[in-house]
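In TrEMBL this protein carries:
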ACT_SITE  E74  active site, proton donor
BINDING   N61, Q62, E63, N64, K65, A66, Y67  substrate binding site
BINDING   C72, C111, C114  Zn(2+) binding site
DOMAIN    20-157  domain 'CMP/dCMP-type deaminase'
Amino acid sequence: MKKEFKFSYHHLASVEELNEDQKKALDGAEKATQKAYAPYSHFKVGASLLLNDDTLVLGSNQENKAYPTGLCAERVALFSYGAQQKDQGIKILAIACAGELINPDEFFTPCGGCRQAMAEYTEIQGKPFEIIMKNGDGSILVFEGVHQLLPFIFGSK
Ligand code: THU
């Protein structure tokens, strides 16, 4: 039997259409790109978690001479949150990128490994968090939760 999986997202024309929480999270992600260490790819990524207590946890991609040793911005932010045993819960995860490699015609969406990490923290808090990302053309994608980004998540119930 053939079945279908449907997912939905919001595509907003610019930051002007975001609410205050979303703006705060995205602003954090853009600031975080300045701390990216990307001498090999030259692709700087910033991630920001807006927690339920309205604080931000920032992350950026950190590369290494031995390439697989590096880590994406989203996981740096999520693992930092986990390592500090923050139990406030995550409201929004925002992602932004910077540098001359940005292509205005492409969406910037998180890699599969980061989606799986988002799934883990969603399961921990028992509640989805929004995932928003800014594209090269300044438009924004908003996903209501990781289930809208990763079908058939490993370990999903
Ligand atoms: N990168 C991220 O930080 N997040 C993603 O979701 C995908 C890719 C980083 C990894 C590497 O440092 C650079 O972008 C180029 O792949």
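Cβ from N, Cα, C; glycine included.
Remember, TrEMBL labels are computer predictions, not curated facts.
Across the fold, the C-alpha of E74 (active site, proton donor) and the C-alpha of Q62 (substrate binding site) stand 11 Å from each other. Counting every protein chain shown, the number of other Cβ atoms lying within 10 Å of the Cβ of N64 (substrate binding site) is 12. Less than 6 Å separates the Cβ from ligand 1 in the case of E63, drawn from the binding-site residues Q62, E63, N64, K65, Y67 in sequence order. It is 20 Å from the Cα atom of K65 (substrate binding site) to that of C111 (Zn(2+) binding site).
Under DSSP, Q62 (substrate binding site) is assigned to a strand (E or B) in the three-state scheme. For the recorded positions given as E63, E74, the lowest number of other CB atoms within 10 Å of the residue's CB is seen at E63. If you check the binding-site residues C72, C111, C114 against E63 (substrate binding site), the ones with a Cα inside 10 Å of its Cα are C72. Listed in sequence order, C72, E74, R75, L78 are the same-chain residues at least 6 apart in sequence whose CB falls under 8 Å from the CB of C114 (Zn(2+) binding site).
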